[in-house]
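> Before I ask anything, here is the structure I am working with.
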Amino acid sequence: MFPIPIFRDWEFIPISNGGSAFMEQLIQQLVNGISLGSIYALIALGYTMVYGIVKLINFAHGDVFMVGAFIGFYSITVFHLGFFPALLISMAACAIFGVLIERIAYKPLRNATRIAALITAIGVSLFIEYGTIYIRGAQPEAYPNGIVPLKSIEILGVKISGQSLLILAVSIFLMILLQFIVHKTKIGKAMRAVSHDQDAAKLMGINVNNTISATFAIGSALAGAAGVVFGMYYTKIEPLMGIIPGLKAFVAAVLGGIGILPGAMAGGLLLGVIEALVSAAGFSLWRDGVAFVVLILILIFRPAGLFGKNVREKV
Amino acid sequence: MKSSKHAKGFWLSIVLAVIFSIVMQFLISGGTLNPFYVNTLFSIGINIILAVSLHLIIGITGQFSIGHAGFLAVGAYMSAIVTMKLALPFPVAILAAGMAAAVAGLVIGIPTLRLRGDYLAIATLGFGEIMRIVFLNIDYVGGASGMTVTHLTTWPWVIACVLMTIIVIVNFTNSTHGRACLSIRENEIAADAMGINTTYYKVMAFVIGAFFAGVAGALHAHNFYIIQPGNFGFLKSFDILILVVIGGLGSMSGSVFAAILLTIISTYLSNYPELRMVIYSLVLVVMMLFRPQGLMGTKEITAFLKMGKSAKGGSHDDGKHTTA
């Protein structure tokens, strides 16, 4: 009934050679998984922040990620900027883009039904995707190699590429920065207040509209950074690249408990590692499906997520 | 008195539909309609089935499902296996496709329909993607390169399936079960408090919707010669969703009109697929901003016909809000 495909990853792993080759492969896959997972985590943070504050699944978030990757690409190839300036430009442009999306499409619907907002989000997402294809065509672009001259290093006999480490460093730095913003600054305090109770926050003199816009700006900036990092790591970018990472990042957000920042980080890393392990086990063709299986399992058994608390419904 | 009047309208529309389909059959077999129009007609029929079946889930029961293409895929592949691998006749394939999709609906519905709103949407979306990846990885059905299918879809089959779908779903909506589903749409907690087994009715609506999506899948597979997992992705689910949303969440005639209208528009825009998607998505956003209840709201076409006679409307509201 199910013939085995000719090519399977495990056929290239000489397991009989002793455990060390297998271990090396495993560690290598774990490193890949953590790099990928930190990209998911960066995107998931935007999802979870927006969901926490306006209770909206911002489907367009994956497309902000795509736009970020393209802005980074054009700043590197057309304006000959280095990696870090390109990263900053992409983050700034995505922040503005995110606020524009929020102001034009989502703000008028703030008091509409959830379903209307969800449909709008799907519409905005498709508009960005196909608008990009309409403007510049569907052909993929290749990120230039060696933007950051990094040597790979060896730890425990495993070669770890400098790019993986850079991704990890950038992501961890941005996550720490985000934690600082949310917990130590005035706007962070406002964001937490609005997500807790919008009406009460308004009564306390918090400008809810600006706070929501700031949330979108920060989330979109993180997605833009993820886009540049993704482009550098996988080299290929295209207008529809945001769909699958976007959905998986959402899964990561749900996995950690939607609306909870540390949950999104942990969920993203966990999902990346799970995918890498599934690839390592020889089911690399199934790895796109695993995220959704994880999603359905977590929704059935622990709908509040790993870090979430169960909230009783009130009538 | 009232019920006989109801039945009279029902039989009248059946007779009209049969006359219409016989006339169309003569036009097709006589060669008056060229193959391009015939193909458009088949697409309209398939889209009507899909729209009406999703209407039952979203419009009537208020469960926001965005993985309808998953059921379409199950139906398409099941019917293709039945006709191509097992060499059984087409009617068996249609039935098997519906049954397979209904089973898929049951399996996915029982765990996920306990979820609400956004979570349900994401879970069904995940289901659609899983289905696509499963078919991508099974070599028996051709993997990524897909499966070739002979052309067996004919006008009598299309119109028979369309009429069957509409009749079953209209009658379901007007039955006790349908009213239970409507009450879940209006307020799930209140429906629960009134003693309605909400999970049971949600799963029932889901399974019926999935069954007809599977039937549409059989017609789709045997109309387009080839089926590939890539055709049943998120975008296909979205194409079906937009029919229901634009027609009006809760209005079956709205879904049918939207299916006819959008199929014709997209046939003429098929040379510009990107432009088509840009226009679709803009229409969707603008629609949600300015007329969130869709073209018809929750009203049916019959409500407009008897507007002058009496202003009573049991399940009709002011049509100013969307469902769920």
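The backbone N, Cα and C atoms fix where each Cβ goes, glycine too.
Reproduced below are the annotations present in TrEMBL:
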- B:9-30: transmembrane segment (TRANSMEM)
- B:36-58: transmembrane segment (TRANSMEM)
- B:65-84: transmembrane segment (TRANSMEM)
- B:90-110: transmembrane segment (TRANSMEM)
- B:117-135: transmembrane segment (TRANSMEM)
- B:155-173: transmembrane segment (TRANSMEM)
- B:203-228: transmembrane segment (TRANSMEM)
- B:240-265: transmembrane segment (TRANSMEM)
- B:277-296: transmembrane segment (TRANSMEM)
> Taking a Cβ cut-off under 8 Å, which residues six or more beyond the ends of the transmembrane segment (B:90-110) line up next to it in the same chain?
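Contacts of the transmembrane segment (B:90-110) (Cβ under 8 Å, skipping residues fewer than 6 from its ends): 67, 70-72, 74-76, 78-80, 82-83, 123-124, 127, 131, 152, 157, 161, 199, 202-203, 206-215, 217-219, 221-222.
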> When only pairs 6 or more apart in sequence are counted, do the transmembrane segment (B:117-135) and the transmembrane segment (B:65-84) reach 3 or more Cβ pairs under 8 Å?
yes
> Apart from its near flanks, which chain residues at least 6 from the ends of the transmembrane segment (B:240-265) lie with a Cβ under 8 angstroms of it?
40, 43-44, 47-48, 50-52, 54-55, 58-60, 66, 68-69, 72, 166, 169-170, 173, 185, 276, 280, 283-284, 287-288, 293-302, 319, 322-324
> Counting Cβ pairs closer than 8 Å, which of B:65-84, B:155-173, B:203-228, B:277-296 has the most of them with the transmembrane segment (B:9-30)?
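The listed stretch sharing the most Cβ pairs with the transmembrane segment (B:9-30) is B:155-173.
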> Top stretch among B:36-58, B:155-173, B:203-228, B:277-296 for CB pairs under 8 A with the transmembrane segment (B:65-84)?
B:203-228
